[in-house]
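Participant: Dropping the structure in here first, questions after.
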Amino acid sequence: MMQCGLVGLPNVGKSTLFNALTESSLAQAENYPFCTIDPNVACVCVPDIRLSSLANAAQSKEIISSQIQFVDIAGLVKGASEGEGLGNQFLAHIRQVDVIVHVVRAFSDEGITHVHGSIDPLLDIDVIETELLLSDLQSAERQLSKKHKGGDNRETTKALLERGVRYLQNGIPLHTVSWSSEEYYQLSKLGFLTAKPVIYLINISEKDMLNNTVPYQKKILERTHGRPVVWMSTKIEAEVVQLSLEDRILFLKDLNIHCTGLERIIREVYDAMGLISFFTVGPKETRAWTVKKHAKAPEAAGCIHSDFERGFIRAEVIFWEDYVTYKGELGAKSAGRMSTEGKDYIVRDGDVILFRFNV
Ligand code: GDP
């Protein structure tokens, strides 16, 4: 399952956000017995409004969402790369995750200490990114100094590490550099923290959220160079998840907010990771699956079971809107909205797919 790490300085709102995420998944845990929650890891259902429309059309007994894990990686402080505050342990946790959600404090509250004395989101971003960068630099230099024993890729890896070191020495995080997909794959295997996709989550005050103001917008957008940024109030998120589903909708409508913070984060995570969803629909269950953008039909079949991929014959595909409009498979089929696709078919976000395969 994909893992997102919540990273940031102390007292920026990571735990508040993590608890809101955990609450939102606990509310659904009844339907997801396999959803184990440990103090620092929460499995969260990926919200997708298409699921209930599809389940309605197919009269499915059950809805099964995709899931994402969020990990609260608390305790990163200035000096972490030198081992400060158990720094290396936290950095090792970050190495495990697929995407980093960098929580940055933009709310002021006299009662809650800021580790550097004042609210300065740009400085917070710099402090954390410097630690990740220094950790990568140490790791690259360590790997370069090792005597490489054989291996076909020795020279390529060495050249890649040397290039990485040059960027890192100039303060450039590796995910901001354009690498070929092969290079990027190699860098990820080498465990570089700054090569991971990052989403910046700017934690603003309830007042700013209610007034629809976006503090530090210009400066933050300049600093983050087009990478995804989400402004939200983790405190409001924590309140929203305490409400029943009906009250939640009313509450958000009152605040003129169209979707919850969780929905916005997950959308950015899917975008940053280049992921899409497809569905399998039937009387037993309506289920969402996650695949990489541009995945072909057999790869999508493989998400369900490796036998489906191996024995793939064809895919019968209905776009989700057609499935809903024509009230199910039969209706869509008689309206000419079902296509039969072969192994080169590229799956679209929102496809309802029935795989035919040999066992
Ligand atoms: P962490 O150290 O990053 O995990 O931060 P916490 O989530 O524990 O938050 C630290 C303190 O800030 C707690 O007392 C939270 O209630 C408070 N806090 C978190 N988010 C907000 C916010 O949006 N507004 C205000 N006023 N306080 C917040």
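Along the chain as shown, the residues are counted starting at 1.
Note that Cβ sites are derived from N, Cα and C of the backbone, with glycine treated the same way.
Curation plays no part in TrEMBL annotations; they are all automatic predictions.
What TrEMBL shows for this protein is this:
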- 2-252: domain 'OBG-type G' (DOMAIN)
- Asn11, Val12, Gly13, Lys14, Ser15, Thr16: ATP binding site (BINDING)
- 274-357: domain 'TGS' (DOMAIN)
Participant: So what's the mean pLDDT when you look at the domain 'OBG-type G' (2-252)?
Facilitator: 84
Participant: Could you tell me how many residues in the domain 'TGS' (274-357) are helical, how many are strand and how many are coil under DSSP?
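Facilitator: Looking at the domain 'TGS' (274-357) with DSSP, the answer is 25 helix, 36 strand, 23 coil.
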Participant: Have a look at the binding-site residues (Asn11, Ser15) and report the one with the fewest Cβ neighbours inside 10 Å.
Facilitator: Asn11
Participant: Which Cβ among the binding-site residues (Val12, Gly13, Lys14, Thr16) has the fewest C-beta neighbours inside 10 Å?
Facilitator: Thr16
Participant: For Ser15 (ATP binding site), what is the secondary structure state per DSSP, taken as helix, strand or coil?
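Facilitator: SS state of Ser15 (ATP binding site) = helix.
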